[in-house]
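Taken straight from TrEMBL:
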BINDING   Lys241, Asp246, Asp264, Glu325  Mn(2+) 2 binding site
BINDING   Asp246, Asp323, Glu325  Mn(2+) 1 binding site
ACT_SITE  Lys253  active site
DOMAIN    321-328  domain 'Cytosol aminopeptidase'
ACT_SITE  Arg327  active site
Amino acid sequence: MSVADLVASSESPLSSDVDLLVVVVGTFSEAEALSAWPGLEASLVATGFKGKAGTTMRVSLPEVTDKPILVAAAGKDVDADAVRTIVGQVVRTTTGFNTIGLVLTGETANYPEEAAEGAALGSYTFNSYKTGSPAERATSVVLFGEADAARAAVIGDAVALVKDLVTMPAQDMGPSELAEAAVEAVAGLPVTVTVYDENVLLEKGFGGILGVAQGSDRAPRLVHLDYNPAGAERHIALVGKGITFDTGGLSLKPAAAMVGMKDDMAGAATVLSVVQAAARLGGPNRVTAWMCITDNMPSGRAIRPGDVLTHFDGTTVEVLNTDAEGRLVLADGIAAASEEHPDVIIDVATLTGAILVALGMRHTGVFGDEEIVAEYLESAALEDELAWHMPLPEHMESELDSPIADMQNAKIGDSAGGASFAGLFLRRFVGKTSDADDAPRIPWAHLDIAGSAWHKGSPYGYTDKGATGASVRSLINLVTRNA
């Protein structure tokens, strides 16, 4: 991955050795805010610059500095996201300068950490498979004034990790490679890693993961990560869907729908990155993650519609649609996470096409118990990530019933409520808070990132086309409260 180094500096921007000075303004008419830049306001007026959010203007102030200056407007409604977005946009769209210096003026100066975060997010590039010399974004961003860039750097690295893993072609990011990447990502951190290969999965009875993996020549993996600081305040368990390529299995996807299915492991990449960030930030909570990793391929060995799988907790599931495989691997991961009796379980998955129909491409669908859903939505609001509370209608419970097994994994011929159906399916695998017979169910939330994990439209703000790292920042916020 390539993410710019973030450097906080107290020196004068005019005497620094940066290649480009970026002056971030709210509205450029703030005379006091621009007083350190004689002639800047007059230059902006002369060019007709209005200070509309998202607009930029190159100016020259030879009497002040010989450095090129770019003025970037956050707009009249300055808040954390406005600053994060405009800085990310500038860093994303500006090439040819190795080092960019950021100067926050007026109200924008109240958001130095968000500016640093925007710089980290906007600087990301993935050129591993390009030949030649593609245009390069800045390799270093200097933030002048009061700023703590350390947390922003960790968050930027976490999002970049997800983008790297999701963007890698499936030929180079199969189950074993993703498991190895997990081990590498937390090397040197206080995180315990356990990798279950196909033999251990068989021994322990992870029938959902093994069933989905039957059609592939590449063996599955289950990766357990455990960040457990002394005196941990609570235990948050994360479970991620890690389908390294999804053909749909014998319920084969159409060719167009198969394009891009390398991203079906975004949930597993997300939970990995959150554990990594929690450990780097010294978060106060124990954070565990279960990465449920396999291909979903058609072959003579693949599971068939009508086959029955036995999951880790003993639940039997009739497989009516082999392309509804994500819930099968997550079910094993949720059941395994439940054995540790965490305070909360949150699963993350590119799970259903139905969530795109409901919410479009930018929102994450959030299902589950009210308290943890509310907690996640609060974190998402603080991080300015789009998320929406989705229902789990009790009247749909009977649709899970199978005539020959405990449950069925899909409805055939009825697409109504598909995202909610998947959530109801997963909820059945959430265990209890203790081994006591009367113990309540563990609080649980399900994040469907099928739309938000991959951006197909035009770039905007700090967001490029491709992998987005959706929900990473919100989850880091949630698991590192008070960190």
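In case you wondered, yes, glycine gets a Cβ from its N, Cα and C as well.
Remember, it's a predicted structure, so these values are computed and weren't measured experimentally.
Positions of the features from TrEMBL, shown on the structure.
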residue	record	Cβ contacts under 8 Å, 6 or more apart
Lys241	Mn(2+) 2 binding site	Asp264, Met265, Ala266, Gly267, Ala268, Cys292, Gly326, Val329, Leu330, Asp347, Val348, Ala349, Thr350, Leu351
Asp246	Mn(2+) 2 binding site	Lys253, Met258, Met261, Asp264, Asp295, Asn296, Asp323, Glu325, Gly326
Arg327	active site	Ala349, Leu351, Asn409, Ala422, Phe425, Leu426
The one of Asp264, Asp323, Glu325 whose CB sees the fewest other CB atoms within 10 Å, among these binding-site residues: Asp323
All-chain count of other Cβ atoms within 10 Å of Lys253 (active site): 15
Cβ-centroid neighbourhood (8 Å) of the Mn(2+) 2 site, Lys241, Asp246, Asp264, Glu325 excluded: Val212, Gly242, Ile243, Met261, Met265, Asn296, Gly326, Val329, Ala349, Thr350
Cβ-based neighbourhood (8 Å from the centroid) of the Mn(2+) 1 site, residues Asp246, Asp323, Glu325 excluded: Val212, Ile243, Thr247, Gly248, Gly249, Ser251, Lys253, Asp264, Asn296, Thr322, Ala324, Gly326
Assigned element (helix, strand, coil) containing Lys241 (Mn(2+) 2 binding site), judged by DSSP: strand
The domain 'Cytosol aminopeptidase' (321-328), counted residue by residue under DSSP: helix, strand, coil: 3 helix, 0 strand, 5 coil
DSSP-derived class (H/G/I helix, E/B strand, else coil) of Lys253 (active site): coil
The domain 'Cytosol aminopeptidase' (321-328) [mean pLDDT, rounded to integer]: 99
